[in-house]
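*Asks:* Here it is, the structure, as structure tokens.
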Amino acid sequence: MGGRTKGKGEARVIALPADFRLASTADVKASLADALGASAAELDGAAVERVDSAALQLLLVFRREAAARGLALAWSGVSVAMREAADVLGLSQVLELPASMPA
Amino acid sequence: MSKTGLAQFQQVFIEESLEGLDTMESSLLALDNGGDAELVHTIFRAAHSIKGGAATFGFPEMSSFTHEAESLLDEVRGGKRAIDGAIIELLLRTVDCLRAMFARAQAGEPLNDAVAEALRNELAAAMGRGAPVAGVQARREVDQADAWTVRFRPHAGMLAGGNEPLRLIRELAGLGELTVKTELDRLPATLAALEPTECHLGWTIELKGPARRADIAAVFDWVEDECDLAIEAKHIVAEVASPVATPATPAAPAANVADAGAVRAQREASAESSSVRVSIDKIDGLINLVGELVITQSMLDTFRGGEVDASRLAMLEHGLAQLARHTRELQESVMGIRMLPIASVFNRFPRMVRDISQKLGKQVKLDLVGEQTELDKTVLEKIGDPMVHLVRNAIDHGLETPEKRRAAGKQDTGTLTLAASHRGGSIVVEVSDDGAGLNRDAIVSKAVQRGLIASAEGMSDEAVAELIFQPGFSTAAVTTDLSGRGVGMDVVRRNVSDLGGTVTIRSTQGKGSVFTITLPLTLAIIDGLTAAVGEERYIVPLVSIVESVQLKADAVRSVAGGGELFRFRGEYLPVIRLHDAFGCDTAVQAIDEGLMVVVEGDGARMGLFVDGLIGQQQAVVKSLEANYRRVQGISGATILADGSVALIVDIAGLVRLQGRRKAA
């Protein structure tokens, strides 16, 4: 259940897995590293049902490196579970989660 | 984790913790009697698991409370403090308090109450004893505040250990309003440099709300060694010396005894419908028997259809005999699943005896005999209360003070013995003491005063002793909070007879008393006589039957008000015609054609008029309530060999029914 990258060429869409926790971070990290080569990327967290701090930490590092490389980043979906976890951990702002978006 | 999932785990945690508390209690009592130091470790371990579990399962109040006790135990364990009577007393009350907290947790009530607060402060005070006063003061000041800053930096390996900051912070949110700031300074700049299973985040959390340091620390209890943690008070509560902080006066021991009892009762009540733990051995035995049964069945299967020729008849008989044997063994084994040692009931008494005897200034040695005797779980759960009454009575009324004992030429220390044993198909529980015995004169004068008897002339000691089972009967000169309120022995007898058992008393003045409770091993099977009434069959429990007699028609007299009486061994007994009571049409009406079965229940005798007795049999009790509805005077039903249903007569119920009719 690793994160899959869809789309070819420019805007890469990274769909985050439903169980986005410690065990899945290695897979997701691979697809995120892959996306760093593109010029734009979209994170899709609409399907995320379970998430932990390791997963959000991974996204933080990804965003940080993407910003350094000048990659255009956007969210295409954020599930309730993900938003809630980010709020608890005080990460909603740094992750730039959209104010409200249909999950 | 889903709500129900968590609730399930909480239930298991509570059950295990209650067992842990039992262990703590019995170990403390053993320590009190000069047990070895290994017991301290046992107690510490029990307290530690409760603390950790409480933090994990969302009971921070309980966790921080246990933490205080654990710290105290840690000092004892580390040899920094000698264990003495005061500490044992304090820890015993901690056990009671935790039991009460668990009861409240199960009822969904707030866990803390005034008793818990007071006790927590006592524990803290006990810890602080000997420390410089200023130090205690300083610690107190930051123990409670209405705003805190918590700096929490997990070590890199914490996530891999299964500890999730998300859960910890959520738990912290239960203590007050949080403002969470994430510290990203340790975060690597590139994905390549990130090991995703390591934690590089840190948090600074502002907590608003009145909380204790210990409550906050309890949240991070499991991860103590896996993170850097700093808890700082931002605003110190102005009123440090609030009422709860004053050295608490110990609650009256009597209240404690009562509390402990109440909590136990509550806990046992809730346990009544719950589960039973069965040893693997017993289950393996069952599986083995079912296997045998299947083999026998397949053997018998070869006889199906076709004629059985004479040469194989012996084999068929053999098979049927095997079937009968296996069925009986299986039945016994299945009953065995519900059998538990009486130790679980006995174990509550060392504590109770200690508390009561201390309160009354008596010296009591408690002997437990036959703790491994097994009996049905349902019986086990209901035998506790009657025994508590008997033990209280024995210490309060039976055993004398050391001075009186010396004067009577006995040892200062009285002996109270609880003994359980199997006798035939019954279990016998004896509560005996070597105290003063029943005071015949006091009982007689009280009974005369209450109008129960005119005079005791010609009454045997046994008959006099029977009087104490009358409702509201008490000879205690002073009503104490322990016993003597006259709600005791009649309740004991009622409870025991509800279980199909009897209570008898044997007492020698100056030597002591023995109360004997005889109970059926199980409630699932009873021995009974099958009685015919019209077309119907009724089972009369054998334990209730005194004898059966055939009467002449003129032996039964009608009395004003519609009742009937007959004379039996010098007393007049009321007659209940079962066909009237249960509405059977074609039954025998004439007294001299039927049979009078004299039965005893609830302390009263009466005659049951039936057509005749068919025979004795073991009846497997099926609940009427579960299959139909509750019927007055019927305790259940059973299925006879021919497949028809026979109702089991509830003698005590009939007696009560009769009493009500008389009163009406």
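From the backbone N, Cα and C atoms, a Cβ is placed for every residue, glycine too.
TrEMBL labels come from automatic prediction, so no person has curated them.
Quick caveat, the model's predicted, so the values are computed rather than measured.
Straight out of TrEMBL:
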DOMAIN    B:2-105  domain 'HPt'
DOMAIN    B:271-523  domain 'Histidine kinase'
DOMAIN    B:525-660  domain 'CheW-like'
MOD_RES   B:H48  phosphohistidine
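Where in this structure would I find these features, and how exposed are they?
*Replies:* For the domain 'HPt' (B:2-105), the mean pLDDT of the prediction comes to 83.
For the domain 'CheW-like' (B:525-660), the DSSP-based tally of helix, strand and coil residues reads 28 helix, 70 strand, 38 coil.
Secondary structure at B:H48 (phosphohistidine), taken from DSSP and collapsed to helix, strand or coil, is helix. Contacts of B:H48 (phosphohistidine) defined by a Cβ separation under 8 A and a same-chain sequence distance of 6+ are given as B:E70, in order along the sequence.
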*Asks:* Can you tell me how the residues of the domain 'HPt' (B:2-105) break down into helix, strand and coil by DSSP?
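*Replies:* Its residues fall into 88 helix, 0 strand, 16 coil.
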